[in-house]
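> Take a look at this one; I'll ask things after.
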Amino acid sequence: MTTLALTTPHRADWLPKYGVYIAIAALVVYNAAFTPYFLTVSNLRIQLIQVAPIIIVALGMALVIGTEGIDLSVGAVMALAAALIPLYLGYGVIAAVIVSLLAGVAVGLINGALVAKVGLQPIVATLALFVGGRGLAVVISDGQLKDIRNADLIYLGSGDLLGIPVLVWTAALAILVVAFTVRRTVFGRRLLAIGGNRPAAELAGLPVQRVLITVYVLCAVLAAIAGLLSVGRIQSSDASSIGLLIELSAITAVVVGGTPLTGGRVRVLGTVAGAVLMQLVIATMIKNNLPPSTTEMVQAAIILVAVYAARERKTR
Amino acid sequence: MTLLEVAGVSKVFPGVRALDDVSFALRPGEVHALVGENGAGKSTLIKVLTGVYRPDAGELRYQGEPVSFATPMDAQRAGISTIYQEVNLIPLMSVAQNLFLGREPRTTLGLVDRARMDREARDILAGYGVTTDVRARLGSLPLGAQQMVALARAVMIDAKVVVMDEPTSSLEPREVETLFGVIQDLHERGIGIIYVSHRMDELYRICDTVTILRDGKLVHTGRLADLERVRLVALMLGREVSDVRREGFTVFSGDHAAADDTPILRVSGLSSRNRLHDISFGVRPGEVVGLGGLLGAGRSETIKAIAGAYPVDSGEIEVDGTPLRHPTTVKAVAAGIAVQPEDRKAEGIIPGLSIRENIALSILPRMSTFGLVSDAKIDEIVDRFMKRLRIKASSPHQRVGDLSGGNQQKVLLARLLATGPKVLLLDEPTRGIDVGAKAEVQALIDELAAEGLGVVLVSSDAEELVEGSGRVVVLRDGAVVGVLTGEDVTTESLLATIAEAGA
């Protein structure tokens, strides 16, 4: 009863809403027909493992973008989390995980305070840690790649649970938690209201600063999770390469998934689909022996279409 | 000969006739006041005169010749300069660079002659009372000085007409004197000045003629000295001075002032920078207190200051006997203050969210357990308020942005009422909504007061203010200049108080 009445679709609404799913379906059909070994368990498994960290980071990014913000520091947070792992792995995997998550909390608090209290523009506020965070991570790790031999951590990044990679389970759990947060919690509704009209949210008595800081903390913690899982997956910690450029993949996933950069709306499933779509595009190109440069151009075209579609919605 | 004139000009925007057959003439050396309330068409007229808009009908004549300016640049080149409220120069460039922008003196090599530019800038600006380092960045100057630079620049480019839009709104008294000196000088040099302001004292001091607009129409033009102040205000607000008596345009039923003497809201000595000065008043339960005054008198700022959304330097606010210290919007709502801001779209509704999300926004913690929202609880509240306020929508899930203005306003009021407030602050509650919704909103205000809420009402509609309020506190230039009570709450005394010669 609650959702049916929503369906008064606007003219140009279908493209940002369903475009990404249609594109995924088209790519799957194409690959099933023309790409050898596409629909095999091992291939699907690889695709999921590769896309999982991007999904985890993109979910946090979607929340931030829902408040009309952006977080450029997610890649740096992954690097920080990764750099801290080898230092604390001696105390056990739990200690290492907690420390890297705390690093995420710290970065989120700084980003959130700069945006909510100091009033910096999110792109500038997070740019500081985008640059400084990775630098710090490299300093922490002495600029060296460190091999990880801890079986527990490797299990988190490379192991299976019920035949499905732990990494994929984690991403699935993150999707559920974020979707639930956006839809069902007071925090989620406040987040959307602040993104939709911040002065109005303030006058309505919402704790705007607290919500904004929480959003940036959540985003950074999700990035830290992605970082420590990546360490477990590649079984080494390299602060200079982990999470490099992932902020762009995450923003792309969010935008392609139909979340407007103007805030006030978060499409959780769309974001997941956006990440999956970009992953499929890359996979398709590679399997068809197209050079990376072509892949990049196709990605650019998809982003343009998504942004154009979102723009049409606004002028409605 | 007229310098600049329009005859029978009209301008229509979707849904609104911004200018309707308006004529206006400016003679050389004349200081011409252009007045009217919000939405009267002043800015549209200025934009037509300065080439920003093209009129849909009517003719623009400049120095006797019919002209048509394609862009504001064309108008500027022809000698029509505009000084906006907000200075539009380049804050990061130096004062001298701004002054000479586009017309920098050159050396023989074709490079900018900075020494000469700085020297000339210093000389020119001295004439405007600006004695600052001309090499400093413009943005580092006080706003008043920036405005003088803008004015100097306008006059330098051989302006024949200078349009000033509320030029004194951000000036200190001393700067105002300098500005008036400059205006006097321009006047003597035969430059025509269009002066937009709401400050009566200023208008009567420096303006020769006045044109009054209301609802896009010309209501009066003539010598200012021949027009009484109270008459000017009456013309602006569209009320006749003599025959206002009760005609029943509004549906307010009157006074609910309880015998109960303890105010539910008490404001004392509220001051904020140079916008609000020592404002004090109280609201008893069941009472509607109007805030009267012209645009820019500080009504909205007062409302926002009480709601914790405008910086306060000193003063006390008390809700139901409990002081509200260092008010923030969060604390104000918690204390029982609900505010309906003047600009519904920019600060009121969240257009992208549904009716129910908008209504429940301020009371989410009450609608939830352990941070999880209960849709059943929200549905109950939303249903109740949609019925009570007769919000017309296809469903509670409809986007608020898609509703009519009247229904948007009702959604906003529903959000305020859902918090169970003690004090309602309403800033122009019936602006931009249709007649039917207007009557409903007015009746609702009445009903709420009868239930014992304290209401503060701001309205530019003099009739609405007078009939809706039991008492009217009149503001001018951010200070209380009078309080109308009992039999005195009439449009005449309101206009008289507004128009009184100020301190």
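Numbers here mean position along the shown chain, with the first residue as 1.
Cβ from N, Cα, C; glycine included.
The transmembrane segment annotation in TrEMBL covers A:20-39, A:51-82, A:88-110, A:122-141, A:161-182, A:211-230, A:242-261, A:268-286, A:292-310.
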> Please work out which recorded stretch in A:51-82, A:122-141, A:211-230, A:292-310 has the most C-beta pairs separated by under 8 angstroms from the transmembrane segment (A:268-286)?
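Ranked by Cβ pairs under 8 Å, first place goes to A:51-82.
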> Counting only residues 6+ away from its ends, which parts of the chain sit with a Cβ under 8 Å from the transmembrane segment (A:211-230)?
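Counting only partners 6 or more residues beyond its ends, the transmembrane segment (A:211-230) has Cβ contacts under 8 Å with 52-54, 56-57, 59-61, 63-64, 66-67, 69, 71, 73-75, 77-82, 85, 96-97, 100-101, 103-105, 107-109, 111-113, 115-117, 153, 156-157, 167, 170, 174, 187, 190-191, 194, 242-243, 246.
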> Please work out whether the transmembrane segment (A:161-182) lies in contact with the transmembrane segment (A:292-310), by counting C-beta pairs under 8 angstroms that are 6 or more apart in sequence and asking whether there are at least 3.
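In this chain the transmembrane segment (A:161-182) does not contact the transmembrane segment (A:292-310) - fewer than 3 Cβ pairs sit under 8 Å.
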> Six or more residues out from either end of the transmembrane segment (A:242-261), which same-chain residues have a Cβ under 8 Å from its Cβ atoms?
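Here the qualifying positions are 16-17, 19-20, 53-55, 57-58, 60-62, 65-66, 68, 70-79, 82, 130, 223, 226-227, 230-231, 267, 269-275, 277-278, 299, 302-303, 306-307, 309-310, 313-314.
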> Report, as numbers and ranges, which residues of the same chain sit near the transmembrane segment (A:51-82): CB under 8 Å and 6 or more residues beyond its ends.
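Counting only partners 6 or more residues beyond its ends, the transmembrane segment (A:51-82) has Cβ contacts under 8 Å with 100-101, 103-104, 107, 111, 115, 122-123, 126-134, 136-138, 140-141, 165, 167-168, 170-171, 174-175, 178, 181-182, 191-192, 194-195, 198, 211-212, 215-216, 218-231, 233, 237-240, 242-247, 249-251, 253-254, 257, 259, 261-268, 271-272, 274-276, 278-279.
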